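> Provided herewith is a single structure, encoded as structure tokens, for subsequent inquiry.
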């Protein structure tokens, strides 16, 4: 039995731990909001972004800077090599452990916690735009049976031969709901969804809709309220800032560690486009345009996912006082979520 299994068992009769989630599309200001709440209440940040787990791409995936990390503990950022896959289940196991660690940790000198009824320990702040990760952690997810690894290996070979868009098209005919949530070039998720369907006889979205155990956390969900039209110029500017911060050099260095475009770490938006530029597949103007276009499309999918969750409190990213008021009431137990 793993440490996370032991922890989950211990929560069966315990009151749920209160966590705060900051969600929304990429580039909307989740990091700044998290740092404000961390300073206000004494919090620690847990990454809930599937691309920010990769250590070779801190700039391109917009991981918090060293200065931002100095404000409070930041967990589950940049801990995986580019060659290693991660799933919602694996992330949930790791997040379960670090949330427990935060609940035992004392606030540092950079925080000035407002009075709440919360016991000692840091407030877990789950920050990111990977909706499935948060759904798996907070709502639970059906226990998908183990699939024969040979199926996944064969699908990986097919992806090498045909390309990720071909597998995505196949997935769309089998599981249109899940296919609509992922990018056509998202090799890892397309292969996983096809693998589950072939190995279990059911689509991944069918498994995700199965009844699940009682949630282990009470969660306040705060969404960054920004339209796609507002977000687009911010995303364009953010690409410029990433380039100024060394995104191209970062991609060149990452190739010396892993020069396989099919590796999970290279699947992130920005990473894939820069790889194609560095290998001469795309001219610079086309690579940058594709980077922005794919980022915008991803933000649109994120907005669709999160807008469907009626538990989310939508707040303008610059209205930090409103976020703090929601968090204060939640931590005092005045609101359920």
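Cβ coordinates come from backbone N, Cα and C, glycine included.
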> Kindly point out the range from 183-187, 188-192, 193-197, 198-202 that Swiss-Prot annotates with region 'Interaction with substrate tRNA'.
188-192
> Under Swiss-Prot, the annotation region 'Interaction with substrate tRNA' belongs to which of these stretches: 49-52, 53-56, 57-60, 61-64?
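Range annotated as region 'Interaction with substrate tRNA' by Swiss-Prot: 49-52.
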> If you skip the near sequence neighbours and keep only those at least six away, which residues in the chain come within under 8 angstroms of residue 24 (ATP binding site), Cβ to Cβ?
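Spatial neighbours, sequence-distant, of residue 24 (ATP binding site): 30, 129, 223, 224, 225, 226, 302, 303, 306, 317.
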> Do any residues, 6 or more residues outside the region 'Interaction with substrate tRNA' (188-192), come within under 8 Å Cβ-to-Cβ of it, and if so which ones?
85, 87, 152, 155-156, 159, 164, 167-168, 171, 179, 182, 204, 264, 267
> On the DSSP side of things, how many residues of the region 'Interaction with substrate tRNA' (49-52) fall into helix, strand and coil, could you say?
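Computed counts for the region 'Interaction with substrate tRNA' (49-52) are 0 helix, 0 strand, 4 coil.
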> How many other Cβ atoms are found within 10 Å of the Cβ atom of residue 26 (ATP binding site), counting all protein chains shown?
22
> Minimum Cβ neighbour count within 10 Å among the binding-site residues 27, 29: which residue?
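Counting other Cβ atoms within 10 Å of each of the binding-site residues 27, 29, the minimum falls on 29.
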> Taking only same-chain residues 6+ apart in sequence, whose CB is under 8 Å from that of residue 31 (ATP binding site), what do you get?
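Listed in sequence order, they are 62, 64, 68, 127.
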